[in-house]
Amino acid sequence: LHSAVTRIQVQRPGFNYTFAHICILNNDKTCIVDDIVHVLEELKAARSSNRTNFAITYPITHLKDGREVYNGHQLGGVTVHSKDRVKSAEAIQLTYYLQAINSLNDMVAEKWESIFCDTVELFQKSNRKVKMYPFTSSSLKEDFQKTSRVSERYLITSLVLVVTLAILCCSMQDCVRSKPWLGLLGLLTVTLATLTAAGIINLTGGKYNSTFLGIPFVMLGHGLYGTFEMLSSWRKTREDQHVKERTAAVFADSMLSFSLTTAMYLVTFGIGASPFTNIEAARIFCCNSCIAIFFNYLYVLSFYGSSLVFTGYIENNYQHSIFCRKVPKPEVLQEKPAWYRFLLTARFSEDTDDSEETNTYESHLLVWFLKRYYCDWITNTYVKPFVVLFYLVYISFALMGYLQVSEGSDLSNIVATATRTIEYTTAQQKYFSNYSPVIGFYIYESIEYWNTSVQEDVLEYTKGFVRISWFESYLNYLRKLNISTGLPKKNFTDMLRNSFLKTPQFAHFSEDIIFSKKYNNEVDVVASRMFLVAKTMETKREELYDLLETLRKLSLTSKVKFIVFNPSFVYMDRYASSVGAPLQNSCISALFLLFFSAFLVADSLINVWLTLTVASVEFGVIGFMTLWKVELDCISVLCLIYGINYTIDNCAPLLSTFVLGKEFTRTKWVKNALEVHGVAILQSYLCYIVGLIPLAAVPSNLTRTLFRCLFLIALVTFFHCFAILPVILTFLPPSKKKRKEKKNPENREEIECVEM
């Protein structure tokens, strides 16, 4: 396999590049290859000469030339005899290092990586007994973006289902008052806003990534609820009013709450799009979401508002809601066939008396269900204890999951299934988890290593970092060391190695010191580097995160310029910051929103109830997603931030209607709040869930996390809106003042005239 890899050729005009042309070179101008290759070559030579005294030790072995090499990260699943002699190994890891010093070299290296994967897969076909898992610098990016390609047909299915259900949710038997076009146009409004945001991101040079798959669902939850709420407000207006008056009433009733929730979305995702967020994918996601939500608000005001006016004129003119033709009078319909009468069923205003006029929209299935059955059932005295008991069970399971929350530390969580990344990381964690990756520690300036003041300056920054005992050992060694500029390199490095290997946290140490000659034959240490390997286990990977973060802080504050690096740190960076940064931003957003809404809501009690509801929903979602085997990573945390806004979107109108209601009883106002806002919440929820279902079938771990988090957010929020809040609000504050005096008939008639 190694020979096949080194023979790979990349054809360019006039020249064929091989591994030897693009590899990183040693001091002797030969390609750097893993030490395990030299071990295998010596093992092969010993076998061919029938020598049996050659043995491999683990994790450090010795070559024929006397060199000591570390193989802890190159041999996996090792079984040893006594004295660390290797009996067998289940896996071998080979790494090939390529140069990227200019654009041509970078292009050739990228092509070489592609051919490398094809070569390994071809080699696998002829050697089926051995499993091979190729992985390159671009594999993670390719597998991450593959989610978009494999999810295309599922998203189309989702769109078709949402369109169908949105049309059905806005339809009713009355062909004049039915609004199927508004269901379709509401979804079109959301789609236009999403496409506008995508276009702006593309035109401004933004980079697409697979986390954008969540944006349509963010828009679906917020945008559709706003359009359904406007339609619900339209049903409350009087039919004998002019279209302009009805439209004004709709905007006055629904746009204030929609404007506030839109502002909350913009603030939350705006902070996520700011430089405070150090994850590029999350920042671009939040930026795209902000643009989409802003344009959705404009389109709802303009496009959807004008569509509502247009359908209003159609309704006032008694035209068919789909075909826009005039609906004939009932006496004319009697002469038509049954199917014709069914399609053109409508109630005319002259056919209804004043007592029935307000109920013309009750033929809508959801309105009829909530008003006639659900509101009375959920507020029934015998139902309330069971709801409270169910809520206690909900809290118990949520707490059980919350206590088991773990941060995501698996690269496979962000890529499509059945990809190279999944196979490689699975094998990596199975066979190579006993030792950390090789960590490079580089001092890249000329310093006086023998100077005690320099040693003290560096040592000052390590106080309090107990975990990095290897670093302190190094500095303690330097403090005691008294070397002159003429000290031979071998003596210096030997003492350095002995100092490090006394530290139990580290399994191996190697070094490379660069000397340069100055005038008068003086020697100066220009730079030095050390390669360290920590003893770790798969379950203690957070120690590496702590090590990385602590060393990074030291490198920024220390007077001695040094850096630490390993390619795996790129992924550790992602997980180390995937939870902290978004949670920090969400806390800032929540505090700002509470402060902001305190000046806008009519009653501070709305803020109190809203805060408690959001906390209950988020607590439940975190607990249940942990029980559903979803870890806290970048995707799940972004979903949790969205969950705050989604809960406010659905619960704020219910709470404000209840809290601001005066007179009557709590039960009466709970019923009123459900009748006024429940239909819009139910319509939005049904469309949202139907849109999410196809996402569960996408063969990608990223979409699996997205589906589970969004599904739980929608389900738990719905549970609070239609069960928990309606029950709890009936026996907890605020109290409602009942009417103190019974109005006489004349007074009641006067009030009714004023309301007219």
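In case you wondered, yes, glycine gets a Cβ from its N, Cα and C as well.
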Looking at 92-113, 180-201, I want to know which stretch TrEMBL calls transmembrane segment. 180-201
Quick check on the annotations: TrEMBL lists transmembrane segment for one of 208-228, 439-459, 460-480, 544-564. Which range is it? 208-228
Residue numbers, six or more beyond the limits of the transmembrane segment (676-698), whose CB comes under 8 Å of its CB atoms: 147, 150-151, 154-155, 157-159, 161-162, 165-166, 169-170, 187, 217, 220-221, 224-225, 228-229, 231-232, 235-236, 364, 366-367, 370, 374-375, 650, 653-654, 657, 704, 706-707, 710-711, 714-715, 718, 721-722
Looking only at residues six or more beyond either end of the transmembrane segment (208-228), which have a C-beta under 8 A from one in the stretch? 144-148, 151, 155, 162, 166, 169-170, 182, 185-187, 189-190, 193-194, 197-198, 201-202, 254, 258, 261-262, 265, 281-282, 284-285, 288-289, 292-293, 296, 300, 304, 414, 634-635, 638-639, 642, 645-646, 649-650, 679-681, 683-684, 687-688, 691-692, 695, 700, 702-703, 706, 710, 714
Please tell me whether the transmembrane segment (180-201) and the transmembrane segment (154-174) touch - that is, whether there are at least 3 C-beta pairs under 8 Å between them, with each pair 6 or more apart in sequence. yes
Is the transmembrane segment (608-628) packed against any residues at least 6 beyond its ends, judged by a Cβ distance under 8 Å, and which are they? 394-395, 397-402, 404-406, 590, 594, 597, 636, 640, 643-644, 647-648, 651-652, 655, 659, 708-709, 712-713, 716-717, 720, 724-725
